[in-house]
Amino acid sequence: MRSPVCVTLLVWLLSDAAARQFTEEEMAAVRQRIKSMFYHAYNSYLDNAFPYDELRPLTCDGQDTWGSFSLTLIDALDTLLVLGNHSEFQRVASLLQDTADFDIDVNASVFETNIRVVGGLLSAHLLAGRAGMDLEPGWPCSGPLLRMAEDAARKLLPAFQTPTGMPYGTVNLLNGVSPTETPVTCTAGVGTFILEFATLSRLTGDATYENAARRALRALWKTRSDIGLVGNHIDILSKKWVAQDAGIGAGVDSYFEYLVKGAIMLQDEELLSMFLEYDRAIQNYTRFDDWYLWVQMHKGTVSMPVFQSLEAFWPGLQSLLGNLDSAVRTFQNYYSVWRQFGGLPEFYSIPQGYTVDKREGYPLRPELIESAMYLFRATGDHTYLQLGLDALESIEKITRTPCGYASVKDLRDHQLDNRMESFFLAETIKYLYLLFDPAHFLHGGGAEGDGSWEEGGEEGQCVLGAGGFIFNTEAHPLDPAALYCCSRHAQDRRELRDVLLSLSEPAEKSSSKSKPPNQQTESPPPGQSDSIALKPGEKKTPPLLSCPVQPFSARLSILGQVFTDNT
């Protein structure tokens with residue numbers, strides 16, 4: 001295992017020594033190339049595949065894959081805004097309101113529907129104001145895209161109605177969970193809901209969704225092994241591990257991602273504590289020379305000495321916690337694999353330094369580009385921009401077709417597959433663009449206008465979009481300030497209701513017993529609830545701010561560290 005690592009570090013050092021410095025003009029030129037890439041893929045989907053879920057770029061037609069609801073259009077909606085195309089965002093948002101239907105007899109992945117559909121609609125809803133759409137009074141706590149997201153999420157709730165609270169992997173959107181549905185699902189399929197479901201609950205005031213996600217997380221937490229690891233697939237009814245390989249890649253990855261990002265977005269110490277305990281076990285048992293291997297979850301012995309392309313999200317996640325040294329070294333390893341093949345194979349044998357049989361493909365995944373974006377934000381090192389340019393060149397040279405971009409079936413000879421997954425438009429292109437646009441509003445900059453923030457909530461009392469956006473695992477940005485805004489308003493309404501009830505109930509009882517009719521107090525006119533809430537002799541206290549500019553300590557797009565020890 002030592003030899004490939006030495007080669008990796010040598011390649012990195014040589015490339016680092018010659019790393020170019022990108023000027024503002026060069027970065028702007030790369031952004032234009034990325035936009036052209038997006039519109040070639042996007043227009044090819046509209047011309048050849050809509051209303052199917054995905055484009056087939058070799059045959060120039062479409063296919064349904066994850067549920068038959070024009071998935072690519074939903075997944076790409078917020079990317080349109082990221083690229084600055086407000087008019088097309090408005091057109092597609094209106095089109096989806098008229099055409100998207102979740103009341104259909106289709107078996108859908110609970111995990112994929114959540115991250116792509118619910119996440120995509122929530123993100124589009126939160127960005128609708130910036131796109132210039134007409135907003136309902138009280139936005140972001142109401143709106144048509146929010147109602148669509150809730151409709152989709154409501155279809156997933158039957159999967160969570162299990163004795164353990166851990167969800168089934170598949171649900172029929174019309175009929176619920178099939179009696180013959182397998183109880184075995186992957187770890188990520190249990191633990192990747194807290195971002196979308198908590199956002200939905202706090203925007204709508206319905207705690208059902210967040211409660212379901214938290215119950216699943218806590219149930220999964222209790223199944224970890226004596227050495228602190230979780231496996232790859234679990235029986236959600238018996239809570240027994242069916243696949244006991246522990247790692248950070250496929251089947252597990254976004255579970256760890258959501259513990260960190262959920263802790264940031266919700267300022268939740270419980271989620272952070274869970275991740276930190278996992279991280280200690282991961283570093284102790286799975287990390288070797290800044291690679292992360294797969295080990296037996298109970299013994300810690302190596303079961304698969306491979307790197308999976310989905311693991312490439314890990315350096316970016318580490319950077320969010322301020323673990324930059326470790327993140328940079330791991331990224332170096334992963335980047336060396338990209339340079340070897342012009343993409344990341346799904347599986348890469350670390351001892352052999354080559355692809356694994358039948359796992360040689362690259363389906364246009366975003367994870368390494370995602371980590372490059374975070375690490376560039378944290379370090380300012382232009383080596384990460386070079387990776388972005390390498391990725392752009394590779395994708396253009398290897399995967400471009402007359403009808404879009406095709407997944408690579410085999411990176412050894414660059415054979416193509418007839419599929420363009422929706423995440424290519426939702427994630428890969430978005431992260432690539434944001435890597436080369438450090439002044440973008442999603443990073444807290446003001447490139448999209450004179451101000452990077454906007455008003456929202458009842459009577460415009462909330463400051464939204466001021467920075468600290470959290471990306472779900474499908475790269476859909478969520479604004480923590482919006483969650484705080486709506487939950488604060490909901491709390492204010494609950495407190496007022498409770499005060500009114502506590503005052504009215506004794507008054508009703510006493511008036512029926514002792515008060516003569518001419519001494520009963522008249523109800524105050526509507527709109528004077530403040531005076532009702534004050535008891536005789538009390539002074540009115542000023543209300544808490546509904547939405548401070550940044551009601552959270554996260555600065556994830558500006559600095560590497562978003563949590564401090566005293567948070």
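Keep in mind that glycine also has a Cβ here, set from the backbone N, Cα and C atoms.
Annotation comment: TrEMBL describes 1-19 as signal peptide.
Taking all protein chains in view, 20 other C-beta atoms sit within 10 angstroms of the C-beta of Glu112 (active site, proton donor). The active site, proton donor feature in TrEMBL is assigned to Glu112 (among others).
Among the features that TrEMBL reports, active site is placed at Asp253 (among others).
Non-local contacts of Glu346 (active site, proton donor) by the CB criterion (under 8 A, 6+ apart in sequence, same chain) comprise Gln308, Ser309, Val356, Arg359, Glu360, Gly361, Tyr362, Pro363. Per TrEMBL, the feature active site, proton donor maps to Glu346 (among others).
Marked as active site by TrEMBL: Glu367 (among others). The Cβ neighbour count for Glu367 (active site), using a 10 Å radius over every protein chain in view, is 24.
In sequence order, Ile115, Gly119, Thr192, Leu195, Asp253, Ser254, Glu257, Tyr258, Phe313 are the residues of the chain that are 6 or more apart from Thr473 (Ca(2+) binding site) and have a CB within less than 8 Å of its CB. Summarising the annotation, TrEMBL assigns Ca(2+) binding site to Thr473.
The region 'Disordered' annotation in TrEMBL covers 504-546.
Reported as a whole number, the C-alpha separation between Glu112 (active site, proton donor) and Glu367 (active site) equals 17 Å.
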